[in-house]
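Participant: For 208-322, the entry in TrEMBL reads domain 'SCP'. Under the heading transmembrane segment, TrEMBL lists 6-21, 28-49, 69-91, 103-127.
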């Protein structure tokens, strides 16, 4: 078989074909100018969007995630328009007529091909940063052309995530299940350890919010138990890695099993789960749920361990484990 790629490779080849056909009549010099304008504007946007984003955030009271995206697009469009005007003006001084139309069109294949490859690389890199199904990302990485482009743009992935990551997270919703339920939700994605991060700052902040809720109602504050924290973190990590959301693992183990396996003694235990983009959304969501609020305010509980695992664009996994 002559073609050894997958659907992603076919899409890239189609994009390149359309790009080249569409640019055929433009000519070499125009296409080089367009390529320079695109690259220059893109670099300018990555470099200066934070200042623009801050301005939009202050003027229009936008969230930081949305302001980042608008700020990036504003700098890109302004830079692209400026560079295009300057470069088109410079083209008028070049002896373009010395080349025949055919040669200008043939030479134009090279900048149009480069432009198409760069655009494909940016789109694929952005796609690998989005909360897409694992199969989609795997198809991208396994494609011959797409995989090559993504591997060569690993630095670009971090920069694009800085621009679009928060906006993507802001579109995520709050997810939970009943504290004593056995329901298991399939997340539709899996996140491996290199992409997961323990968020200790958020863990301690949530601990403070939980005790504030208790103290405001005259309930004794909970004690922080580092051993229970390890149990909570392990369950949060397991749910991300295996793509499920439940108090009960695929093996049928609940919070009681996990505490006993860790060698922790208890008479009464409870667990709250939440998947949300922010601490505020997770805490408010749990407090608005009767069963979760009962766990948070239960005077029978005296210890708590909270695990917060940051899954990047997939949100944060919150696990609160209570014990007497």
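Quick reminder: no glycine exception, Cβ is built from N, Cα and C everywhere.
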Participant: At a threshold of under 8 Å on Cβ distances, which of 6-21, 28-49, 69-91 pairs most often with the transmembrane segment (103-127)?
Facilitator: 28-49
Participant: If you run through the domain 'SCP' (208-322) with DSSP, how many residues end up as helix, strand and coil?
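Facilitator: Counting residues by DSSP class gives 53 helix, 27 strand, 35 coil.
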Participant: Over the domain 'SCP' (208-322), what does the predicted model average in pLDDT?
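Facilitator: Mean model confidence (pLDDT) across the domain 'SCP' (208-322) is 93.
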